[in-house]
Amino acid sequence: MPEGDTVWHTAATLRRHLAGRTLTRCDIRVPRFAAVDLTGEVVDEVISRGKHLFIRTGTASIHSHLQMDGSWRVGNRPVRVDHRARIILEANQQEQAIRVVGVDLGLLEVIDRHNDGAVVAHLGPDLLADDWDPQRAAANLIVAPDRPIAEALLDQRVLAGIGNVYCNELCFVSGVLPTAPVSAVADPRRLVTRARDMLWVNRFRWNRCTTGDTRAGRRLWVYGRAGQGCRRCGTLIAYDTTDERVRYWCPACQR
C-alpha cells in the first residue's frame with residue numbers, strides 16, 4: 001500500500017536514473033494522452049508531493065498517483081512490460097538505455113510543467129518536504145475536534161503523506177483509538193511530529209518499520225496483526241472494517 005514514504009523513495013529512484021538525461025522513448029498508454037510524445041526532452045527533475053509524483057521536463061510534467069496498486073519499475077532494458085503498463089520512458093545513461101515503466105498507476109496525466117502545482121494546492125503540509133510545517137499541520141488537525149482521529153489523519157488536506165498503515169500505527173503509539181475524536185489527542189503538535197518522524201526514517205526503505213525492529217514479522221505495532229498479541233501488553237489486537245479501510249488497535253493500550 002503506497003504511502004508518502006514510498007512515493008518519496010520512488011521519486012528519488014527515478015530522479016537518480018532520469019534527471020539530466022534526454023528521453024529517447026515516451027510511450028503513454030492512456031487514451032487521453034496517447035498522442036503525447038516527449039522524446040527528445042530533457043528530464044529536469046523528479047519530485048514528490050504527498051502521494052503525488054511529478055516527472056518534469058522543460059515544457060511538461062508527467063503527474064502520477066500510485067493509489068492502491070501502482071508502481072514504477074526501473075532498470076536497464078529490457079524491463080518487463082505487460083498490459084498493466086501505463087507509460088514507458090527510456091533514456092540513455094552513458095552507453096546503456098534506462099527503461100522506466102509505470103504500472104497500474106491510479107492516475108497518469110501530462111500537464112503544463114509551470115502549472116503543475118495547482119493539482120496539489122489543496123494538500124496540507126507534506127510530511128517529507130523540506131518546508132515541513134508542524135505548527136500548520138497541528139492547526140489543521142484540530143480544526144474539527146469532534147472528527148475521528150483516523151479520518152483526520154487520512155485527509156490529505158490536513159497533512160499529506162499518511163495512508164492506512166501509518167494511520168493505525170500512529171494511533172497506537174499515541175495511545176488513542178482510531179475512532180476517538182481529535183480532541184482526545186492531548187498534544188496535536190507531538191502527534192504530527194511523530195508522523196513526520198515515522199515517514200522520515202522509512203523514506204529509504206521499501207519495507208516500512210515503526211517498531212524499530214526491522215526483522216520480518218516484527219516491523220509494525222498493530223497493522224495487519226489482528227488476533228495476535230500486542231507487542232507491549234499481550235492483549236489480542238482487534239480490528240474492524242469501516243468505509244473499506246481496516247482499522248487495528250490494542251483494546252488495552254488505546255483509549
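Yeah, the Cβs are placed from backbone N, Cα and C, and that goes for glycine too.
Of all ranges given (46-80, 186-220, 221-255), Swiss-Prot attaches the label zinc finger to 221-255.
The secondary structure of N164 (DNA binding site), as reduced to three states from DSSP, is helical. Predicted-model confidence for the zinc finger (221-255) is 95, expressed as mean pLDDT. Within 10 Å of the Cα of E3 (active site, proton donor), the following recorded positions from the list K51, Q67, R245 place their own Cα: K51, Q67. In sequence order, M1, L154, Y223, R245, V246 make up the list of same-chain residues 6 or more apart from N164 (DNA binding site) whose Cβ falls under 8 Å from its Cβ.
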